[in-house]
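Annotated features, as they stand in TrEMBL:
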{"type": "SIGNAL", "residues": "1-19", "note": "signal peptide"}
{"type": "DOMAIN", "residues": "2-253", "note": "domain 'Ion transport'"}
{"type": "TRANSMEM", "residues": "53-75", "note": "transmembrane segment"}
{"type": "TRANSMEM", "residues": "82-100", "note": "transmembrane segment"}
{"type": "TRANSMEM", "residues": "154-175", "note": "transmembrane segment"}
{"type": "TRANSMEM", "residues": "196-213", "note": "transmembrane segment"}
{"type": "TRANSMEM", "residues": "225-254", "note": "transmembrane segment"}
Amino acid sequence: QFIAFASLFFILVSITTFCLETHEAFNTIINKTEQVINGTEAVLQYEIETDPALTYVEGVCVVWFTFEFLVRVIFSPNKLEFIKNLLNIIDFVAILPFYLEVGLSGLSSKAAKDVLGFLRVVRFVRILRIFKLTRHFVGLRVLGHTLRASTNEFLLLIIFLALGVLIFATMIYYAERVGAQPNDPSASEHTQFKNIPIGFWWAVVTMTTLGYGDMYPRTWSGMLVGALCALAGVLTIAMPVPVIVNNFGMYYSLAMAKQKLPRKRKKHIPPAPQASSPSFCKTDLNMACNSTQGDICLGKDNQLMEHNRSSGRTPL
């Protein structure tokens, strides 16, 4: 539990640092323009430098993630399965850019600067560490199982949506040209749907019921097509969703039932009795004495009977 809480703490700190690095309060613009003596004009060059405190915090988090990754690699019973695991690949990809950036930061060559600039862009892979939370939260694991089990439903949803987008983008393109002016055959003056590919964006936004309002029909025929597109989008999305919801409910019920099961306890196996112990000759209903123990037990029984006869007791 300590390792789990520590890993969760560093994941949250790393993601918070990643988000704060983009805030202007932690970024300083430095003028990197080089003065040209013999030239006529100098090209202005600016570079954004992140607050070193955030870099140190990220370094501490990376050290922890590296330690955790190496320990899991060393003690993994199957190295091949460990490498094939998607979460382990995400861990490695999220750790590697930091070390490469630190190693190339001291170089001054142009190639090193180009690689360093590329690595700074690739730093967004650190946000993938959020998927490591699936090791500690049951709900995220249930979500992952639901997505894998609902692959066919998602594929069906994408096909329905693609067909609707293609149909309604074509319809809105021609519908907006119904009221075009004779001197404007392309209808570019009174409509924003200048071609069918532009209508793809409008169809996607309308069918998913977002409605950004950046593009909208202006003719009565275009408004009719827009209304039909919105209704078709609601029906298209509503059909596969119940199956996905049922899959989520099934996996969630299984996960909750598994958590409520009692933990297995190790069975206590008593040690074998020694020859000098009093219980060595005692037999239970499931075991019988072997040949050696049978002679010893028989001798003990005879001695007990002799003792009872001498004392006048009747054996039961």
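Backbone N, Cα and C atoms are what each Cβ position is placed from, and that goes for glycine too.
Here the signal peptide (1-19) has long-range neighbours at 54, 57-58, 60-62, 64-65, 68, 123, 126-127, 129-130, 132-133, 135-136, meaning same-chain residues at least 6 beyond its ends whose C-beta is under 8 angstroms from one of its own. Nonlocal intrachain contacts for the transmembrane segment (82-100), taken as residues 6+ away from its ends with a CB within less than 8 angstroms of a stretch CB, comprise 58-59, 62, 65-66, 69, 72-73, 76, 115, 119, 122-123, 125-126, 128-129, 131-132, 134-135. The predicted model assigns the domain 'Ion transport' (2-253) a mean pLDDT of 81.
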